[in-house]
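This report concerns only the one structure given below.
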Amino acid sequence: MDVAVESRVEPVGRIGVSRKVKAYISLTKPRVVELLLVTTVPTMILAARGIPNLWLVLATVVGGYMSAGSAGAFNCYIDRDIDRVMRRTKNRPLVTGELSDREALVFAWALGVASVLVLGFFTNWLAAGLSVAAILIYVVFYTLILKRRTTQNIVWGGVAGCMPVLIGWAVVTNSVGWAPVILFGVIFLWTPPHYWPLSMKYREDYKDAGVPMLAVVRGRAVVGLQVVLYAWAMVACSLLLIPVARMGVLYTAVALVAGGWFLYESHRLYNLAICHATVSPMRVFHGSIAYLTLIFLAVAIDPLLPF
């Protein structure tokens, strides 16, 4: 995999070991990886209807981090040209020169191969196969094909971010059932209300980089409406887990309350957008993270309760 890019990196002095390590970690997009792992472990607890084997959890977390980190590193390598244009990404290591293109590409491949081996040998090969699929979807389907061509880039590219729940379930059961499919659907429907508000804030960045995000092509009113529609579908999908996975009072209460709160925030964003008032898209962006965290905390705790 090689993408020709005109080099415009400012030369930097000799980089110390600690700074180099931090640059490699940054390449894996730790915040994104952290969010993915937040969905994996609760799914494993639900699949086991209790606390799964801790060594299995550790192997899954390590393998999952490597898998998501590999995808993130490939993404940084492929998108290094537009990262140099956007203010939001100007401090990434390939832009600053802390890492060379070759170092990033070798690191991405090494992490990807290591993730497959860790998941395959220490969990099972179904989980490893799903991990490979996640990397391919994010790198090829999203980064190479969709991102620069369509406003629906993050909708279908977001499939990669849904894979950890399938992987977590497969690790415990060596199969895929309806419960993880519903959780997959929740994350799939959550992705647009999460990322599109971000594109509203950084609209000019995406425009300058030539990335056709919905906020760039259609404007904030359309983004607000789409956020509302996806939010309603997401909340409805989250409620399907109650009968399918026999969820209890805690999950039901969290799904209803957190869902109602996020719907309110989504409608608020839309109403401000159509009234041409000042909007705070990052409020919905951060709210979406809080919502997903609460939902998966409930997924983890609910099976452990005696009622």
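Every residue gets a Cβ built from N, Cα and C, even glycine.
Per Swiss-Prot, the feature transmembrane segment maps to 32-52 (among others); the stated evidence is sequence analysis.
If you look up Swiss-Prot, you'll see 54-74 (among others) marked as transmembrane segment.
Nonlocal intrachain contacts for the transmembrane segment (105-125), taken as residues 6+ away from its ends with a CB within less than 8 angstroms of a stretch CB, comprise 1-2, 24, 27-28, 55-56, 59-60, 62-64, 66-67, 69-71, 73-74, 77, 99, 131-132, 135, 167, 170-171, 174. Marked as transmembrane segment by Swiss-Prot: 105-125 (among others).
Annotation comment: Swiss-Prot describes 126-146 (among others) as transmembrane segment, evidence class sequence analysis.
Here Swiss-Prot flags 169-189 (among others) as transmembrane segment.
Long-range neighbours of the transmembrane segment (222-242) within the same chain, counting only residues 6 or more positions beyond its ends whose Cβ lies under 8 Å from a Cβ of the stretch, are 179, 182-183, 185-186, 189-190, 192-193, 196-197, 199-200, 214-215, 251-252, 255-256, 259-260, 262-263, 266-267, 269-274, 279, 284, 295, 299. Under the heading transmembrane segment, Swiss-Prot lists 222-242 (among others).
Feature annotation from Swiss-Prot assigns transmembrane segment to 244-264 (among others).
According to Swiss-Prot, the feature transmembrane segment maps to 287-307 (among others), an assignment based on sequence analysis.
Remote same-chain residues near the transmembrane segment (126-146) are listed as 1, 60, 63-64, 67-68, 70-71, 74-75, 78-79, 112, 115-117, 119-120, 152-154, 156-161, 163-164, 166-167, 170-171, 174-176 (criterion: CB distance under 8 Å, separation of at least six residues from the stretch ends). Among residues of the same chain six or more beyond the transmembrane segment (287-307), those with a C-beta under 8 A of the stretch's C-beta atoms are 35, 38-39, 41-43, 45-46, 48-51, 183, 186-187, 190, 193-194, 197, 238, 241, 247-251, 254-255, 258-259, 261-262, 265. Beyond the ends of the transmembrane segment (244-264), by six or more residues, the same chain brings 46, 178-179, 182, 193, 228, 231-232, 234-235, 238, 287-288, 290-291, 294-295, 297-299, 301-302, 305, 307 to within a C-beta distance below 8 angstroms of the stretch.
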